[in-house]
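**Student:** Positions annotated as active site by TrEMBL: THR131, THR208. Sequence annotations record features per position, and here TrEMBL assigns active site, O-isoaspartyl threonine intermediate to THR131. Marked as substrate binding site by TrEMBL: SER177, THR208, ASP209. Summarising the annotation, TrEMBL assigns compositional bias 'Low complexity' to 429-441. Marked as domain 'L-asparaginase N-terminal' by TrEMBL: 123-312. Feature annotation from TrEMBL assigns domain 'Asparaginase/glutaminase C-terminal' to 342-412. Here TrEMBL flags 414-441 as region 'Disordered'.
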Amino acid sequence: MTPPKQRRESSSSITNILTLNNLDLGPTGSVGAISEEPNHPYNHHLEDSEHYHTTQVEIESHFSTDDENIHSGIANDDQVSHLPTIKIKYHRSNSVHSISSTNSIDGTIGSTTSGDISLLPTIKVLGTGGTIASKGVSSHQTAGYEVDLTIEDLISTIPDLSQTCQLEYEQVLNIDSKEMDNSSLLKLYHKIQLDLPHYDGIVITHGTDTMEETAFFLQSTINTFKPIVLCGSMRPSTAISSDGPMNLYQAIVIASNRESRGRGVLIALNDRIGSGFYITKSNANSLDTFKSIGQGYVGNFVNNEIRYFYPPAKPLGLTMFHLTHPSIGGANNGTMPSLPEVTIIYAHQGLNNEIFKFIINDLKSQGIILATMGAGSMSEKTNQYLSDLLIDNPNYPIVYSKRSMDGMVPIGSLPKVNPPPEDTVNDETTTTTTTTTTTTTTTTKKTNKKVPFVNAIAGGYLNPQKARILLQLCLNEGMDLSKIKNVFKTV
């Protein structure tokens, strides 16, 4: 097997002598396993398979310091999770740091005195900012702080993990989570997809304000058996009893544990482990803020041990979406693709319905999420206004979610509205006959029977912010109203 010519790169090269599947070099700087089966895709996880011959090869790979020159494939871990993984150590970027080059407070991180570290899981920590990376002006300040720490700073605060995993970290973003937008989500998604084939788990440090939205987005777009764990903190790093270091430590341990596989995207804070699909921030200030009242937690962390309550499983209502991988095209020339615009309206007494005309006609929003009162309750005036406004746009989605943290909006709660004049239905007919010697007169009284609001979609258990992301993903795939309703029917 003759590898293609390597490009001249400024970054270092490394040589690996490995016994692997019958290998071929794909695009420069990537390695793929070639199956004897025709048209079999590259298996970038490099798992053993009965379809492959075993050959000892020497691979010399040069990797660019630019993300755009890193080529990677995405495999479905659900199909290969039972197979052993062969790892290749490689240089990804000058911004990627191996934990062996970083010391903790006690100077022990990255060192190992016994055992083969190659047998330990390899975990990648991605920093995005948030309170966990923030500093205040005093030890008692717990509001008004600013993001000021890097992921390297955070890693230096946690205890020795050299007997738990091999650790690497990289700064992807460094912002308050209130600044997260579609572009930020797609950038993070892109980075995770590039890294997943080469690691056993991913940990993301993230602000708590919008953490549940990022977790839900990643859960819905990354199909992997490997653990992806988000963590953050409610107190800045400078506060008395800051919760950041413990939350980060626990998240890494969770990602390193094989029992965490197959559970979807997880959120780990305050000794709790929750599903990113259901969990939500319930308190603006308290440490014990992330809750799944109706669905419960997945597990907890006690005395340095992970305790899961159930076998591995993903949410029954989960729909996976395929996003065009942004490593080609937009991401390479400095732009990122975006997601369709969807607006959330918070219902209240006396809601001014003119806002809907502005959202649809002026903002060009492609869908609306209603944070309704109760279980899908909106005033009859609002429901009828929306129906009349969308009379010529029957495919426009209006999702009825709820203001309350727990509970659901079932299909049976969706509103009924007056039909268009030309579709008036005879609900009741009353006939009065008056007879004289020369004339008979018949009078018929018609009343309108209300019909289902065709644009309305039941939001199920999802809160408004997660329903918004789900609707964005549906619209991004070009689904019509009928298909969107089928997706929401499962949540």
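Using N, Cα and C of the backbone, Cβ positions are placed for all residues, glycine too.
Bear in mind that TrEMBL entries carry predicted annotations, made automatically and left uncurated.
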**Student:** DSSP on the domain 'Asparaginase/glutaminase C-terminal' (342-412): how many residues come out helix, how many strand, how many coil?
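**Tutor:** Taking the domain 'Asparaginase/glutaminase C-terminal' (342-412) as a whole: 21 helix, 17 strand, 33 coil.
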**Student:** Run through the Cβ atoms and count how many others sit within 10 Å of the one on SER177 (substrate binding site).
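**Tutor:** The answer is 21 other Cβ atoms.
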**Student:** Fewest neighbouring Cβ atoms within 10 Å: which of the active-site residues THR131, THR208?
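**Tutor:** Per-residue Cβ counts within 10 Å for the active-site residues THR131, THR208 bottom out at THR208.
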**Student:** How many neighbouring Cβ atoms, not counting its own, are there within 10 Å of the Cβ of ASP209 (substrate binding site)?
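**Tutor:** 17, counting other Cβ atoms within 10 Å of ASP209 (substrate binding site).
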**Student:** With an 8 Å cut-off on Cβ distance to the SER177, THR208, ASP209 Cβ center, who else from the chain surrounds the substrate site?
**Tutor:** GLY130, THR131, ASP176, LYS178, HIS206, GLY207, THR210, MET211, GLY232, LYS281
**Student:** According to DSSP, folded down to helix, strand and coil, what is SER177 (substrate binding site)?
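**Tutor:** It is helical.
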**Student:** To the nearest whole angstrom, what is the C-alpha distance linking THR208 (active site) and SER177 (substrate binding site)?
**Tutor:** 7
**Student:** Sorry to bug you, but what's the C-alpha spacing from THR131 (active site) to SER177 (substrate binding site), rounded to the closest Å?
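**Tutor:** For SER177 (substrate binding site) versus THR131 (active site), the Cα atoms are 9 Å apart.
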**Student:** Please give the maximum pairwise Cα distance, in Å and rounded to a whole number, for the substrate-binding set SER177, THR208, ASP209.
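**Tutor:** The two farthest binding residues have Cα atoms 7 Å apart.
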